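Peer 1: Checked Swiss-Prot, it gives:
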- GLY111, THR112, ASN113, GLY114, LYS115, THR116, THR117: ATP binding site (BINDING)
- ARG378, ASP402, ASN403, PRO404, ARG405, GLY455, GLU459: meso-2,6-diaminopimelate binding site (BINDING)
- LYS220: N6-carboxylysine (MOD_RES)
- 402-405: motif 'Meso-diaminopimelate recognition motif' (MOTIF)
Amino acid sequence: MKLKEILTSIQPVKITGNQDIEITGVDIDSRQVESGHLFMAMHGTQTDGHAYIPAAVEKGATAILCEELPVELAEGVTYIQVADSEDAVGKAATTFYGNPSSKLELVGVTGTNGKTTIATLLYNTFRYFGYKVGLISTVCNYIDDEAIPTEHTTPDPITLNRLLGRMADEGCKYVFMEVSSHSIAQKRISGLKFAGGIFTNLTRDHLDYHKTVENYLKAKKKFFDDMPKNSFSLTNLDDKNGLVMTQNTKSKVYTYSLRSLSDFKGRVLESHFEGMLLDFNNHELAVQFIGKFNASNLLAVFGAAVLLGKKEEDVLVALSTLHPVAGRFDAIRSPQGYTAIVDYAHTPDALVNVLNAIHGVLEGKGKVITVVGAGGNRDKGKRPIMAKEAARASDRVIITSDNPRFEEPQDIINDMLAGLDTEDKKKTLSIADRKEAIRTACMLAEKGDVILVAGKGHENYQDIKGVKHHFDDKEVLKEIFSLTV
């Protein structure tokens, strides 16, 4: 593709050099650059891409996109100066890969909790209908049934457009994608055309990056502000920010709720550990999910599928066949008659939702033992809140290590313990070794009790000092169960 074709989607401040050259690849990582490539320099959170411009030129880059021009310009290289490289990178990548999102029905899901579940269940629903479908999520990316490992909730613009291009080339009609607040703030989705967007909820998370809840809200809201006129926005009325998200959107707004009058209205009729009986828009359905938060997630899936042209009755049949997403309220029965639940809940609100769901089924007939930690090098403010919420809704609490990253596990545990009063501490243990913490919970549990192992869900590693060590909560539980049969 000619460089001048790529530049039609952006507004350069200045161009130095030949625009008629052929570009054979686009990169934001100088290590990936080959002869004939366009290297795009961005100010990253860890490193500044501008520092790698000489290395990119050395490796054969024939064009450089940047915010600040180098002092010395290399001969035979075209330099494109832009005001906002993050925005330009997304748009340039979209153009280079042939605007793949315009060939797909791309639906984005954003919010603090529920993104993975909703995106994955939409993917499964539309595969049930017989379509080739793409999924971009925290757990894994899929091109129909081909699994592609994932690094981030939302990939960088080049990886993302390359992936969407493959999805379009391989015949996918629909793509369901988690849209993180980081990806919106960093404009990783710049240039993409969305057919629809779904808002789940907004609670405290990622304040290590956004600094304030207001900034976090603005990042989420921008996704809907930028939605095109012919798209839909489906928002959760049960969240106080639901209508705030869509107040400036050009898209058609629809609502879903378990509490209020809305376009897609739901309620929980019955709840058991085997599943729930629900009512969606005056239709009853039985599902293999537990908890009001999952009823809300399924209602969002129901609404989005209908807005994408499916009949309500057909969607209800599809929903009744679905299974919970890996690491999301993942229940395992022990030989001793207690239940262990592995869940990704890593925010105070998500933890409350899961614990409320457990109590809704138990109805006071068993104890709740919660094993929980908090991630290192992340929002420290939520640590004492996580511990407090666990203690409020549990009979016993074991504070343990999660992904400590570059912090000391005991320091994180101490931050969590600071949220507990004297009464809370009487029912709380602190065990830094996560495996030992889970084993202790199993020793404390009796028939009819529930153990919640929260925070990691689908993850099969512990991030310690920059190294990912294999660790899987569900594997650990199964191993303990097999030893105690």
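Heads up, the Cβ atoms here are built off N, Cα and C, so glycines get one too.
Show me how these features fit into the structure around them.
Peer 2: Annotation note: THR117 (ATP binding site) sits in a helical segment as assigned by DSSP.
Under the three-state DSSP scheme, ARG378 (meso-2,6-diaminopimelate binding site) falls in the coil class. ARG378 (meso-2,6-diaminopimelate binding site) is surrounded by 20 other CB atoms, counting those within 10 A of its CB over all protein chains shown.
All protein chains considered, the CB of LYS220 (N6-carboxylysine) has 24 other CB atoms within 10 Å. Reduced to three states, the DSSP call for LYS220 (N6-carboxylysine) is helix.
In the predicted model, the motif 'Meso-diaminopimelate recognition motif' (402-405) has a mean pLDDT of 96.
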Peer 1: Let me know the DSSP-derived helix, strand or coil state of PRO404 (meso-2,6-diaminopimelate binding site), please.
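Peer 2: The residue in question, PRO404 (meso-2,6-diaminopimelate binding site), is coil (DSSP, three-state).
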Peer 1: Long-range same-chain neighbours of GLY455 (meso-2,6-diaminopimelate binding site), Cβ under 8 Å, sequence gap at least 6?
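Peer 2: Sequence-distant Cβ neighbours: TYR344, ALA345, HIS346, VAL372, GLY373, ALA374, GLY375, ASP402.
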Peer 1: Sort out the sequence-distant neighbours of ASN113 (ATP binding site) for me: same chain, 6+ apart, CB within less than 8 Å of its CB, listed by position.
Peer 2: THR200, ASN201, THR203, PHE293, ALA345, THR347, ASP349, ALA350, ASN353
Peer 1: Check each residue in the chain of ASN403 (meso-2,6-diaminopimelate binding site) that is at least six apart in sequence and keep those whose C-beta is under 8 Å from its C-beta; list them in sequence order.
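Peer 2: Expected: GLY375, GLY376, LYS456, GLU459, TYR461, GLN462, ASP463, ILE464.
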Peer 1: Checking the spread of the meso-2,6-diaminopimelate site as listed (ARG378, ASP402, ASN403, PRO404, ARG405, GLY455, GLU459): what is the longest Cα-Cα distance, in whole Å?
Peer 2: 17
Peer 1: Near THR116 (ATP binding site), meaning Cα within 10 Å, which of LYS220, ARG378, ARG405 (recorded positions)?
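Peer 2: The recorded positions passing the 10 Å Cα test: none.
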Peer 1: With an 8 Å cut-off on Cβ distance to the ARG378, ASP402, ASN403, PRO404, ARG405, GLY455, GLU459 Cβ center, who else from the chain surrounds the meso-2,6-diaminopimelate site?
Peer 2: HIS346, GLY373, ALA374, GLY375, GLY376, SER401, LYS456, GLN462, ASP463
